[in-house]
Amino acid sequence: MLGIGTLAKKVFGTPNDRKIKATRPLIAKINALEPEFEALSDQGIKDKTEDLRKRALAGESLDDLLPEAFANVREAARRALGLRAFDTQLMGGTFLHQGNISEMKTGEGKTLVATFPAYLNALTGKGVHVVTVNEYLAKRDSEWMSKVFGALGMTTGVIYSNQPEAEKMAAYQCDVTYATNNELGFDYLRDNMKPSLDQVFQKQHNFAIVDEVDSILIDEARTPLIISGPAEDRSELYETIDKLIPTLDEGHYEIDEKTRGVTFTDEGNEFLEESLLKAGLLEEGASLYDPESTTIVHHVNQALRAHKLFQRDKDYIVRDGNVVLIDEFTGRMMPGRRLSEGLHQAIEAKEGTDIQPENTTLASVTFQNYFRLYDKLSGMTGTAMTEAEEFAEIYGLGVVEVPTNRPIARIDEDDKVYRTANEKYAAMIAETKLAHEKGQPVLLGTTSIEKSELLSQLLQQEGIEHNVLNARHHEQEAKIVAEAGRLGAVTIATNMAGRGTDIQLGGNIDLKVMEALEANPDADPAVLRAEEEAKHAEEKQKVLEAGGLYVMASERHESRRIDNQLRGRSGRQGDPGRTSFYLSLEDDLMRIFGSERLDKLLSGLGMKEGEAIIHPWVNKSLERAQAKVEGRNFDMRKNVLKFDDVMNDQRKVVFAQRREIMASDDTHEIVTDMRHEVIDDLIDIYMPPKTYADQWDTQGLQDDVREKLNIDAPVVEWAAEEGVDDEQIRERLVEASDKLMAEKVEAFGQEGMSNIEKQVLLQTIDAKWREHLLTLEHLRSVVGFRGYAQRDPLNEYKNESFQLFESMLDSLRETVTQQLSRVRPLSEEEQREMMMQMAARQGMQRAAAPAAEPVEAPKEGFVEDDPSTWGNPSRNDKCPCGSGKKFKHCHGRLG
């Protein structure tokens, strides 16, 4: 019998069905234009782009241009790649243009889909960013799709790490730019540390199309991107504390597997206090609860987490003497990514590797806040519907499930639940053997390196040939994936095989042709390809007859999306396939999150050894457990975002102010206002409002004016004059400070002083923002405890961070004013001393490099050691003294 909800959906259709239906007239319009665009010459396609560009700039809406633009891209792709986009691909592209997430299954051609909205939105001249999860995909997609964009008369760029600056700048100026989410985020942070606007890469954030959007905007959402600098080396402290952890008993700590937390018990705290006193890390009479002990307690907690929560070969691997993290969602290594707040160092101490120094944060942003900078955002993935609520609530993105071009023929079996892990693995091996014997390719999915290697040993014992794909063997990934769909192939893979991999039945034809050419370089490539294609077609037919790719998973992940990604490797483009999950009561998800009802159901059935429970109720119960975990993780991400939003508002203010300063030719008004505000603050401190003259601290004001404004003002004498009030003293100080700064303008020249002001402003903003980030980090780490006092941690954080921000701005004004009041040109004596140092340094350089490059002959009347003969070099020219430095960093340096 149908439920009420199901019945209503059958009658009225789902919201998703209605969205699909609404695009059909648009797709019909694009299809109707096809003959017209097929008739265009290659130049005609480019001319069409120019026509559409002019119309877009003239104000015609992109929605109105969409049918012609999509028809143009379809024709360009057909000519450049030999691929004609399906109607479902046009549909996916339309939803992306509308600012949605298009959920498209594996093998449906998402890479080509992105070209349609990218082209349409690039017509405005504001640029489009296509975002991928790794550099391999960014480079591959850029190289592949640049043929389409080139045929359309558009430019394509790619962004990657360690890219030369000029190349990166050119890539950002292209119509369409492919990049990884990490590199985009880091470039944004670097841009906001640059000294001038012409060095900034990301001029605007117009439209981003995010591939594997759930991975980037949900799985990575809690991970901040951090640009950091070195802090003090404390490796000895980590090593000392690490030795304490193995001495703990189980009663000294409690592990909460649901929240991945571990805490000391009262008994553990007492033991810890004694151990720290013996180790000399706590002074006699000191307690763990003293404020001075906060740092030690923090490091002990991190060491406990490193030992009890982080497992080698699951959460990280040790490679070439370094601790390298593993992404829990993709199973890939994350070189360069480090855990913060001393946790990474604690793991290094545990593993006995070199302990890298801690870092201090220079700038940071989360992906949630970075991608919300874009005027328009959209995304593609094979699995998004389970997180539709989060996409809508946090990013304002709708999710549309785009129908497949051909119906899915894959069979998804009910889960098989065994009592023990050993019984489960035995059943998987037996099933693999049966499939292998009939030639059906098998993909065995695991959640960790350890489990993938255990399955590998079991297969070896049975004499079954197989490949293993995990973070240890990531270099062979492309080859292993290419062969995973071949006749009788058996592949064990961690979550690495779950995303961005396309397993083709019969194997990858391009790789087969390449290998055949390497083996026989003298052969005719066309003949060889025809031979390989014939063999491939025959092998593919046998694989299809055997049932297509069989995906077996060794356990369910906390997230249904990860399970669905693994399922999606099978049954691409209407191919047959089969998926099955093998579970046991010892699995993490079953043990930690399985409901009591499920436990009772299974124990009441009296399972025999090797017997499995297979029932839709079990699936439903597990999915409820997964939904519960997903809901909890969503709440955690929302909570992190609420706190990060507070910092984000401040970040936007600081970065916007910084950009304004970089863009400004004259910052004189800004620094003058700052200086006058500093004077106002000094008057308020030493001559508080509504006080009498005999209550003023005039000596304190005089000393502070000398310190902060570099003025010897006789404030004490002024205050002693008859009838002088605080306002008159303020005016005299303003006049004196204005006069001092006017003298500096005269000494340096208007342009020179403007450059100094801009430099001091930017450097001080950067330094103060760094300090502020560190303060906010500390506040964030302790504010949670306010909840025990019945105070809302978020409100406490908002209020205190705002006060800290105001204090930072006050400190910024003071520092800028103080530094500018002390700049001066170098004296003749200082210049002579500098020239002597230069001459000595040049002598050493000549001695060290007698065969130096030839230098340009000096001009007539020019004496290298006499600045009076140098004329008026520009600040950015090479210094005439021959040091090789810019003039502004050498003899033109400011004192």
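Positions of Cβ are set from backbone N, Cα and C atoms, glycine also.
ATP binding, as stated in Swiss-Prot, involves Q89, G107, E108, G109, K110, T111; the candidate among D414, D415, D502 given for that site is D502.
Record note: among 330-366, 848-884, 848-884 is the stretch given as region 'Disordered' by Swiss-Prot.
Least packed by the Cβ count within 10 Å, out of the binding-site residues E108, D502, is D502. Set side by side, the binding-site residues Q89, T111 differ in how many other CB atoms lie within 10 angstroms of their CB, and the most is found at Q89. The ATP site, placed at the center of the C-beta atoms of Q89, G107, E108, G109, K110, T111, D502, has further neighbours from the same chain whose C-beta lies within 8 angstroms: M104, T106, L112, V113. Here ATP is bound by Q89, G107, E108, G109, K110, T111, D502 per the record. The longest Cα to Cα distance in that group is 17 Å. Assigned with DSSP, the residues of the region 'Disordered' (560-579) fall into helix, strand and coil as follows: 11 helix, 4 strand, 5 coil.
Across the binding-site residues listed here (G107, G109, K110), the residue whose Cβ sits among the most other Cβ atoms within 10 Å is K110.
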